[in-house]
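**Q** Quick one: this structure, given as structure tokens, is what I'll be asking you about.
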Amino acid sequence: MASVVLAVFVNGKICKDPNMVSADDFFFPGLNMPGNTSNAQGSRVTPVNVNQLPGLNTLGISLVRIDYAPYGLNPPHTHPRATEVLVVVEGTLFVGFVISNPADPNSKNKLFTKTLYPGDVFVFPEGLIHFQFNVGKTNAFAFAGLSSQNPGVITIANAVFGSDPPISLDVLTKAFQVDANVINYLQAQFK
């Protein structure tokens, strides 16, 4: 217990005693292997952050491999603690992000999109809702660097319609300006 009390925490992680560090703390195998995309979204994110690679602690970086089945989607999400830089390795991705609420309440949130091909790079600014969609008939994959050892992820639909406990029906019907049947249907998709 005394060692935990005396330990130095950085971004929620204990700094390892330098005498206990090994090469394995700086190594992660397997990003050459495609992730299993057999799911409703047709995508799989393989993260390499401080939880998988302890040597990233205090360095302020991490990465992911994202695999997409044909027409697979990495659904709208945000990283509350990181900017993301995506590079397409294989396939064709339609990507985009939405800016934060404009100062003028009569203005709309602007959407920036681009179709990317192998070797193309796109940046998603920190905290903004973004997505990637495989518009090709073949598998696709990309790597992304993130500007945090622990970027976090909030998948918008899961958070809004699949929270536990659920967000109040009154709140969601008013926010989305739809009737309760629509919200009940959407919440049922995330149970």
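The backbone N, Cα and C atoms fix where each Cβ goes, and this holds for glycine too.
Per TrEMBL, oxalate binding site is recorded for ASN74, HIS79, GLU84. Marked as Mn(2+) binding site by TrEMBL: HIS77, HIS79, GLU84, HIS130. For 29-184, the entry in TrEMBL reads domain 'Cupin type-1'.
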**Q** Beyond ASN74, HIS79, GLU84, what residues of that chain have CB atoms within 8 A of the centre of the oxalate site's CB atoms?
**A** VAL64, HIS77, THR78, ALA82, LEU86, PHE124, HIS130, ALA144, LEU146, PRO151, VAL153
**Q** Centre the Cβ atoms of HIS77, HIS79, GLU84, HIS130, go out 8 Å, and tell me which other residues of that chain have a Cβ in range of the Mn(2+) site.
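**A** What remains near the Cβ centre is THR78, ALA82, PHE97, PHE124, LEU128, ILE129, PRO151, VAL153.
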**Q** Express the predicted model's confidence over the domain 'Cupin type-1' (29-184) as a mean pLDDT, rounded to an integer.
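**A** The answer is 97, the mean pLDDT of the model over that range.
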**Q** So how many other Cβ atoms are close to ASN74 (oxalate binding site), meaning within 10 Å of its Cβ?
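**A** Excluding its own Cβ, the number within 10 Å is 25.
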**Q** Give the distance between the Cα atoms of HIS79 (oxalate binding site) and HIS130 (Mn(2+) binding site), rounded to the nearest whole Å.
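**A** Taking the Cα atoms only, HIS79 (oxalate binding site) lies 9 Å from HIS130 (Mn(2+) binding site).
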**Q** Distance between HIS77 (Mn(2+) binding site) and GLU84 (oxalate binding site) at the Cα atoms, whole Å?
**A** 12
**Q** Could you tell me which three-state DSSP class HIS79 (oxalate binding site) falls into?
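**A** The residue in question, HIS79 (oxalate binding site), is coil (DSSP, three-state).
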**Q** Just jot down the residues in the same chain as GLU84 (oxalate binding site), at least 6 apart in sequence, with C-beta under 8 A of its C-beta; none if empty.
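**A** Once residues fewer than 6 apart are set aside, GLU84 (oxalate binding site) is near VAL123, PHE124, HIS130, ALA144, GLY145, LEU146, SER147, PRO151.
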